[in-house]
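Colleague: Pulled from TrEMBL, these are the listed features:
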SIGNAL    1-25  signal peptide
DOMAIN    62-160  domain 'Zona-pellucida-binding protein 1/2 N-terminal'
DOMAIN    300-350  domain 'Zona-pellucida-binding protein 1/2 C-terminal'
Amino acid sequence: MAGGGGRPRCPPGALLGMAVVVVAAGWGERDWGWGMRGEPKEEQSIDLIGKNEVYGDTRHEVNVYVKVFTNSPFLVCMDLALSQEKIIDPNYLWIGPDGRELEGQRYVNLTETGKLMVMGFRESMSGAYTCTLSHKVIETMTQEETEMVEAYKFMVYAYREADHTYQVSVRFSTMHCKLKNNGLFFEKLKKILNNTISYLMCHIMESSYKCHSIRTPKNGLQHELFINFQVNPFAPGWEKVCHRVPYDCEDVTNRRVRQAAERIGKFFHQLRYVLKHEFHAVPTIQYVDNSFFMTPIDSCQPGFGKNHHTHQNCASCCVVCGPGTYSPNNEVTCRTCARSRGRMYGAKSCY
């Protein structure tokens with residue numbers, strides 16, 4: 001009978017290309033100082049993720065998503081089953097995306113038990129992290145030693161939370177489409193809304209209105225103002241709100257714009273009540289009941305994009321653009337370079 005875990009021999013590099021995503025949506029981020037996204041799969045339990053560890057798998061690559069400027073979880077150079085066994089004379093060799101050995105690098109925390117943490121993760125640190133574990137299996141009766149080798153591959157990607165704006169549409173009835181008051185009302189409404197959310201360093205942008213004549217079966221011809229605008233978190237001075245988060249304040253801006261959107265929703269709810277119950281005379285322009293609609297719009301920072309096919313378990317994330325792709329603006333997709341020889345992650349242009 002063999003000791004030290006009698007596992008089938010696996011030569012170095014015997015890895016399959018199929019990706020398995022193992023990570024949780026931000027669990028433990030504040031407590032541990034790391035951020036990672038995805039979903040636990042099969043042998044990965046919530047308890048293991050809570051310990052800030054992701055185990056390898058000799059059968060598949062393991063995809064890991066790390067929020068920029070945070071520390072990665074510990075990448076464990078073994079699978080969960082092997083971690084429950086006694087391992088004789090283990091030796092771990094970690095290689096980074098650039099092909100260099102990671103031991104001794106200042107930006108990594110490498111433990112004596114083969115666990116790797118990448119600290120202060122940046123988009124340029126994305127890529128393949130591979131580990132080769134060699135250990136001995138000793139036959140109990142004969143004391144014969146056999147060298148075993150296991151290889152693990154982690155694909156680690158930097159990600160950001162998407163930046164949010166909110167698209168708002170609302171309608172008001174008016175006496176006629178050619179009234180000068182329609183434009184005055186629109187400008188006044190924008191000013192009121194901006195004043196309502198200015199303390200959150202948010203503002204109204206991409207605003208417009210059109211007047212349409214609508215024939216209804218019961219009320220004949222009516223005229224309505226169709227108003228559209230966006231609630232944006234980047235009003236002048238927004239950077240001051242992020243002074244305590246010097247590297248990345250998307251969580252702060254997203255929280256502020258959500259609060260601003262809620263304030264505007266409350267404003268229109270109250271406006272309906274005011275126009276209905278507190279005006280003694282019928283106003284020229286009236287809010288159309290149930291016409292308020294608000295939809296979140298995501299955008300990604302340059303060098304990041306969304307890909308529901310490639311990154312299914314981080315579909316809501318803005319994941320770093322992979323080699324051969326780039327994103328020059330705040331769109332949500334990474335474009336493909338026509339000609340690119342580079343292997344750079346997070347490109348903002350083709351090079």
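Even glycines carry a Cβ here, placed using N, Cα and C.
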Colleague: Please work out the helix, strand and coil residue numbers for the domain 'Zona-pellucida-binding protein 1/2 C-terminal' (300-350) from the DSSP assignment.
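Modeller: So the domain 'Zona-pellucida-binding protein 1/2 C-terminal' (300-350) is made up of 3 helix, 10 strand, 38 coil.
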Colleague: Which whole number is the mean pLDDT over the domain 'Zona-pellucida-binding protein 1/2 C-terminal' (300-350)?
Modeller: 87
